[in-house]
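Note sheet for the following structure.
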Amino acid sequence: MNGKGTVSETNVKRSFLDKFTEFAVKLGNQVHLRSLRDAFAVIMPLFILAGVAVLVNNVVFPWLFKGETLVKAQYWGTAITNGTLNISGLLIAPMIAYCLSSNKSFKNPLASTSVAIASLIIMMPNSVSLIPAGAKKAVDVTGVLTFGNLGTTGMFAGIIIGLVATELFIKTSNIKKLEIHLGENVPPAVGKSFSVMIPVILVLSIFGIVSLILSLFDTNLITLVSKMIQEPLRKINTSLLGTIIIYSTGNFLFTLGIHQTVVNGSLLDPLLLANMNENMLAFAHGQAIPHIINSAFVPTFGMIGGTGSTISLIIATLLFGKNKATKDVSKLATAPGLFNINEPVIFGYPIVFNLPMMIPFVLLPALGIVVAYFATAVGLISKCVVYIPWTTPPILSAYLATAGDWKAAVLQALIIIGGAFFYLPFMKISERVNQMSMETETENEEGMARESL
């Protein structure tokens, strides 16, 4: 009975893992989520540049210049911020359109980008209320697109419009009766443009009608999306509990060989990026920093050395490990690990399907995030205000992300050291399991050899 019970339980566990893995793979391959991740990857260098500009403008330039010279020098960073962060919503819509069209093998992805941009602008309010200097009443100024709507506030609307406009455009473009053919003697570029003219008109007309209806209720899509979708989602997903749950789920998937971006890239990263953008803008304007958790905070304190904070495992193995194979892997993984590249550890140690190592791989990053969160909340370290490249080495990453707070670098070092001791008992268990497996294999081989004689 016990033997049958054990086999039955094992089959149930395998069945659950198989189904969970299959679901995760389908989620990762879902074309809209994949396009969303691809689009953010395309514009990520712009946000990194914006982070550098904010850092230089507010940390480096004040050391070098004073007074009017400082103001003039800071125009450099302000101009870059306006061309990156402040138009992030405008940037993401066409990138999503292009990536979605490419992933669906649509014949004219460039046309999709123009439709997405036009649709987003159509849905934006083009007036703003201002109080002129010396006046008491606000005046409505028309023909104006604000950086607020083009940037962080409009990012989620840009995502939605990028997806919806592209889907509508692709579906209408695939209707043969809506195509206009000018013959073979027309230049290809002109022929392509005319072939999708009717779909373009239809899609933009639909968005125009929606914009008209919303204006009758004295509102617009940017405001609706921000209040009804973006802000509620951001409050839930980027809360301490929400971040830990989503991020830990992604890390668990990695222990099954499925990259954590399947979950994080869709549910967490866009919202963390919105928080990061707001922090950078607030820092650039000398305002109070609004968010603790953002795109710099999570990797700085929860991905030290890569997913699972495996730089701590490398240290623990090199100092206390007795298994030659894992020590060799750790030596090879040290250099990549310093730049947060840890596939050699995940697949070479391995972490994947290695139960003793799966536990700290999921738990340690969550602990690092919790410790750093409360350290930030009580004012021990500064909030992250600079978007840094994910390959920035530990210690330096914390220092730069917090715009030069050495206490953040010290905390990151303590998390690394504490993480090594956290990994240590699980590493020892893993070594014992590996040793027992090798002994069992040796005994089986010797037994088979004796039987053959």
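Glycine too: its Cβ is placed from the backbone N, Cα and C atoms.
Automatic prediction, not curation, is the source of TrEMBL annotations.
Per TrEMBL, these features apply:
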DOMAIN    16-426  domain 'PTS EIIC type-3'
TRANSMEM  39-64  transmembrane segment
TRANSMEM  76-98  transmembrane segment
TRANSMEM  110-131  transmembrane segment
TRANSMEM  143-165  transmembrane segment
TRANSMEM  196-217  transmembrane segment
TRANSMEM  238-258  transmembrane segment
TRANSMEM  301-321  transmembrane segment
TRANSMEM  361-388  transmembrane segment
TRANSMEM  408-426  transmembrane segment
Selected stretch (most C-beta pairs under 8 A with the transmembrane segment (301-321)) from 39-64, 238-258, 361-388: 361-388
The transmembrane segment (143-165) and the transmembrane segment (408-426) contact flag, 3+ Cβ pairs under 8 angstroms: no
For the transmembrane segment (110-131), distant same-chain residues with Cβ under 8 A (at least six beyond the ends): 89-90, 93-98, 100-101, 137-146, 149-150, 154, 157-158, 161-162, 164-166, 169-170, 173, 192-193, 196, 200, 203-204, 207-208, 210-211, 214, 220-223
Mean predicted confidence [pLDDT] for the domain 'PTS EIIC type-3' (16-426): 89
